[in-house]
Amino acid sequence: MSDSSELPKSEKEEEVTPEPEEQSDDSSEDEAAGDADMDFMRNLFSSALGLSSAEKVLDELTLDGVARYINSGKCKNIICMVGAGISTSAGIPDFRSPETGLYANLQKYNLPYPEAIFQIDYFKKHPEPFFALARELYPGQFKPTICHYFMKMLKDKGILRRCYTQNIDTLERVAGLEGDDLIEAHGTFYMSHCVSFCCRKEYSLEWMKEKIFSDDIPKCDKCSSLVKPDIVFFGENLPARFFTSMKMDFPRCDLLIVMGTSLQVQPFASLVSRVSKNCPRLLINMEKSGQVNPMMSLFGFGEGMDFDSDKAYRDVAHISTCDDGCLALADLLGWKAELEELVKKEHAKIDSQDAKEKASENKGATAKASSASAPPEPKAEE
């Protein structure tokens, strides 16, 4: 989930005031966000006043040019920004596709409007639709894609600084990216917490899975309040780590790779503007997204992606599925066979583990049924 592995923060989030029980006890998140915003504004005004200069790093604004740059050895800190498009080939729907997207197929839940299923206020009153949907899309039912394993290869080769994901499907973790490699901007199913501000007891992925698949509405063992996966609903704040990490990561970025996202949801979409003026940006997507707003550009605030203008010097758009784009880039890098072998090996490992778990479950169910149907043993005579 993002566009459905991508759980969106509201486009109108600036107008939403979280309930007091959702707010943090300290101001670290607000301070981090404020510092990041100040840096962003400085960059904007610097650009508008012509105080910054940009150097062309890529010898060609193509996928080949990006590959040569990576192979040059000068590209040591790659940041990936990813959304729902990297998970659709795994079978997880995105949010906004007109006929196949998640929002287009929620009629069965009788919602007042599609986004209500991810509204924190609605969830607290009517949790049933969300948990019914979670049962359909729960992590563990899908395998990571070629795109996920391409990012794992970047990590293994020591050039992935971080992956910023809108997705909540945990497939980045399944593919081998660990906590420090990831900023899960819209949260994750990986952990859950009691929604009561006075409690906030933590629960594991397995605990939540058991509740969801037994048709129980998860309730806290300690205070009986609802328990919610740690995904960001409309009306909630993004994780504080999102704001603190972006301030450290993006100024150091050598190459920004954006994959499978419409870049419509803020503040995630604004991250493309936080890299240096010299940093190349590659978009792998089914359509061009995140482009310069013409009105903002008139005032010198052209901080979006620029693929086609006469002034374009660093942005590359590769229009394809994310898997095809990653395979094409891996081929140019000389990594294609290695990537295909990694995907094959990891998928086989997942299939083997699933088979073992199913065999164990079947064995347990058979033993339980056999025990229930067996006649009681006669009591021994005294």
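Glycine residues also receive a Cβ, built from the backbone N, Cα and C atoms like all the rest.
Just so you know, TrEMBL annotations are computer predictions that nobody has curated.
Marked as compositional bias 'Basic and acidic residues' by TrEMBL: 1-12, 347-361. Among the features that TrEMBL reports, region 'Disordered' is placed at 1-33, 347-382. TrEMBL lists 13-33 with the feature compositional bias 'Acidic residues'. TrEMBL lists 56-336 with the feature domain 'Deacetylase sirtuin-type'. Summarising the annotation, TrEMBL assigns NAD(+) binding site to 84-88, 94-96, 166-169, 261-262, 285-287, C322. The active site, proton acceptor annotation in TrEMBL covers H186. The Zn(2+) binding site annotation in TrEMBL covers C194, C199, C220, C223.
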Does anything in the same chain, at least 6 positions from M286 (NAD(+) binding site), have a Cβ under 8 Å from its Cβ, and if so what?
G85, I319, S320, T321
Suppose the Zn(2+) site is C194, C199, C220, C223. Which further residues of the same chain have a Cβ inside 8 angstroms of that site's Cβ centroid?
V195, S196, C198, R200, K201, D221, K222, S224, S225, V227
Do any of A84, S87, N167, C194, C220, C223 (binding-site residues) have a CA within 10 A of the residue listed as 'active site, proton acceptor', and if so which?
N167
To the nearest whole angstrom, what is the C-alpha distance linking C220 (Zn(2+) binding site) and S87 (NAD(+) binding site)?
31
If you count other CB atoms within 10 A of each CB, which of A84, C199 wins among these binding-site residues?
A84
Tally every other Cβ atom lying within 10 Å of the Cβ atom of T261 (NAD(+) binding site).
29
How many Å lie between the Cα of T261 (NAD(+) binding site) and the Cα of C194 (Zn(2+) binding site)?
30
Taken over the domain 'Deacetylase sirtuin-type' (56-336), the model's mean pLDDT:
89
Using a Cβ cut-off under 8 Å and a sequence separation of 6 or more, which residues in the same chain sit near C194 (Zn(2+) binding site)?
R200, K201, Y203, C220, K222, C223, S225, L226, V227
